[in-house]
Ligand SMILES: Nc1ncnc2c1ncn2[C@@H]1O[C@H](COP(=O)(O)OP(=O)(O)O)[C@@H](O)[C@H]1O
Ligand code: SF4
Ligand SMILES: [Mg+2]
């Protein structure tokens with residue numbers, strides 16, 4: 001069953017420069033993908049590709065100068081992008097939850113962990129302080145946090161990075177959301193903690209049947225933890241499909257380059273390494289945005305490439321791909 | 001927690017020693033004979049002999065410092081040669097006037113400045129923000145002395161709404177018995193409505209001056225602090241959690257308070273100078289006016305005592321701010 005369906009999402013940064021000219025950075029240029037309940041989608045791409053922006057656009061968290069200028073994001077059939085703020089605010093933290101990359105700075109420094117967990121629960125559900133507290137302790141325990149009652153009393157600054165990330169996951173899960181978006185949830189954590197957190201997320205999806213999007217620039221994470229993947233480049237999804245399929249037969253030249261370029265650690269890192277810098281969002285080339293870096297580019301690439309369906313949900317956006 | 005507080009308070013001791021050293025040296029290095037400076041130009045031979053003996057000038061300088069410190073700790077700040085009265089007594093007489101003026105001025109300044117700064121930050125570049133930015137720019141650029149005079153000119157001379165700037169109470173009224181030292185409060189306590197009313201109307205203009213001058217930087221700083229808080233990861237994440245807007249604002253407010261209070265603390269210590277000028281304009285008879293006159297007259301015992309009291313005041317303000325931060329800020333480690 002389709003949980004989230006993003007269709008042709010466009011997000012621009014619209015600002016005025018010093019000469020009072022309107023400048024538009026076309027940061028998302030037609031992002032489309034869909035996610036079924038019970039599945040994990042890996043959204044992968046190099047830094048600046050627009051992964052976080054995709055998440056914040058969907059959740060209605062953009063702040064000026066960023067603005068959604070087109071597209072739909074259907075969550076259980078309802079278009080998130082057309083919802084009034086009050087309505088989508090009621091969904092956030094309840095039916096769809098976000099886990100972010102900087103867990104320590106994302107917790108309210110002046111509230112204890114327990115109080116933050118209670119706060120999000122009571123903001124969305126009718127529950128007494130005591131019920132919420134019990135639930136919070138259970139949640140911390142279920143995430144493998146030792147001595148949860150004592151942790152409830154902790155201040156954010158007392159937590160390690162990995163512990164803070166668990167607390168963020170606990171916050172995200174307090175209201176049993178049906179969609180979880182984790183934006184680089186393990187960046188900056190050491191490798192063992194990374195694996196623990198990702199195992200936790202995977203078990204959670206398997207156990208509860210929610211849908212999850214893991215945003216990452218680490219192809220290894222995608223290979224190990226995700227069912228589906230979507231590869232982003234300059235604000236578009238250039239290729240998407242089942243993880244095994246895409247790894248075995250990358251169809252888009254960019255994906256092929258990525259997978260070929262990173263055989264061992266499968267890590268993109270700050271990867272601007274794969275054949276030159278990404279294009280300037282203020283002056284995107286006509287047609288395929290990958291044109292300047294693509295070894296297979298031809299004259300036809302000056303027109304927008306089509307999404308070519310390759311079967312079993314595998315799609316690539318390129319002139320060279322044949323169904 | 002008690003340990004942390006105690007440690008912070010103990011820190012005051014070496015600070016005080018440094019301050020005393022400074023006020024001690026003030027008289028020693030001002031050039032001229034310290035005896036002459038302290039005894040004043042009108043001193044008789046006996047007075048000079050008395051001052052000379054009290055300074056232990058025949059001893060090495062660090063013994064002299066020890067003697068000075070011992071006296072200060074016993075409350076002996078020397079005598080003013082102008083009035084021939086103990087400096088401490090004169091300072092204690094005048095302190096309530098200044099405290100009253102600064103207290104109400106800063107209270108009103110912060111009462112206007114904090115909400116205005118917050119409101120401006122919630123809608124940056126909105127019409128409210130632009131208006132307050134203009135007003136606080138005015139508050140920044142107007143010279144203190146001139147502001148006091150303009151207030152008197154408009155509200156006393158032109159409109160007749162305020163009494164003349166001639167002290168803290170109508171000349172023909174007797175001040176109420178001293179309890180707190182504030183004529184307004186003492187008048188109210190003594191149920192002397194006439195005195196309280198007069199004290200109040202005398203307070204309005206000078207307090208307004210202090211309020212205007214202190215509000216301008218408070219607005220600017222509160223706005224900047226709140227903007228930074230609103231752009232923080234935790235506020236963005238609070239939005240991602242779908243918390244109600246009221247709760248998010250409250251969170252922003254709470255997180256802005258520590259830096260705002262810290263700022264106001266530093267502002268208060270700087271405001272002492274400004275208040276002195278306002279005291280002058282309104283013939284307020286407070287500490288500031290006292291100190292200024294002493295500097296002009298070269299009344300060194302008073303200058304020494306005045307500087308000491310100012311420094312002590314700053315130390316206390318910073319101590320209070322630090323204690324506030326400790327009690328409200330978990331990262332400071334003393335939160336219960
Ligand atoms: N204020 C802005 N004006 C113009 N472009 C911006 C602005 N803020 C971010 N961007 C661009 O938006 C793009 C998407 O960023 P982001 O979603 O954070 O990328 P990712 O999460 O994939 O690393 C980046 O290329 C960034 O340069
Ligand atoms: S459309 Fe052309 S430029 Fe773009 S990826 Fe395909 S071949 Fe390369
Ligand atoms: Mg990102």
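Using the three backbone atoms N, Cα and C, a Cβ is placed for every residue, glycine included.
Matching B:57-78, B:79-100, B:101-122 against TrEMBL, the residues noted as transmembrane segment span B:101-122. Within the listed segments B:236-259, B:260-283, TrEMBL records transmembrane segment for the stretch B:260-283. Looking at B:9-29, B:30-50, the range annotated in TrEMBL as transmembrane segment turns out to be B:9-29. Counting same-chain residues at least six beyond the ends of the transmembrane segment (B:9-29), those with a Cβ under 8 angstroms from any Cβ of the stretch are 37-38, 61, 64-65, 68-69, 72, 300, 303-304, 307-308, 311-312, 315, 319.
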